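Pulled from Swiss-Prot, these are the features on record:
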DOMAIN    13-294  domain 'Protein kinase'
BINDING   19, 20, 21, 22, 23, 24, 25, 26, 27, 42  ATP binding site
ACT_SITE  138  active site, proton acceptor
């Protein structure tokens, strides 16, 4: 940041290549001219940067969170720079090598040791984030970035916000969205992130999304077919306005046990707890770190380094 509150210029950076693109902006690999350090540079999509009140709250929120949260498993922001055009801004961030979505797409099932190690790092980042009173609200493989050494960074905080008593239910990418949000709850906490963790861990183990719905009703149907149909007791004390409109399927068998028993009791129990219908029964990030699934998962397995190396540059 320049004196007087002005941002530094994009001219301080040299573009290397485009890493990825999305509705909220493109991401480039860049090199800073003054010291040759490599960063990721996220261009803020001009059509989505601004609302009727000026600069979009999504971008303000992401910058503020990343500037004040410092943890080895959370993406770090270096600075915000301005482009050559009016209202053209970029976020300069730590540069990672690939993301979990690319890894799963490339190799399919991730080995148990690698899955446990990545889960451990994800929980550490969430423990810190939740301890600061912040919910991510959009955890998914494409927002989990990886380094060549197996290091993990939780990224994309555009939907993150401080925990409040009343929040919008238009959050979390559909496949990773918890059942209470699908059923209309506007009162939730960090437990929504833990459901998403369960979906991500299940995806690492199976090599494909475990709840890939094509719409909200199909998503609920897939949840019921995997986990069974919830009872009134599962949601006692919760305000879920859409639950009364859901028709109980006539006949079906929940497939979770058959789908996950091959991964062992610790893994199956861990994922099943995270996918509890009652959000109050899901383990916290801190409790998850004490579970048998991630116990002794502090050392990066060589297989993960090999996998990330093969996928480097795929984001």
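Cβ atoms here come from the backbone N, Cα and C positions, even for glycine.
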Exercise. How big is the gap, in Å, between the Cα of residue 27 (ATP binding site) and that of residue 138 (active site, proton acceptor), rounded to a whole number?
Worked result: 18
Exercise. If you draw a 10 Å sphere around the Cβ of residue 27 (ATP binding site), how many other Cβ atoms fall inside it, taking every protein chain shown into account?
Worked result: 21
For this session: Looking only at C-alpha atoms, tell me how far the residue listed as 'active site, proton acceptor' is from residue 19 (ATP binding site), rounded to the nearest Å.
Result: 20
Problem set entry | residue 138 (active site, proton acceptor) - helix vs strand vs coil (DSSP) | coil
Exercise. If you run the three-state DSSP split on residue 19 (ATP binding site), which class comes out?
Worked result: strand
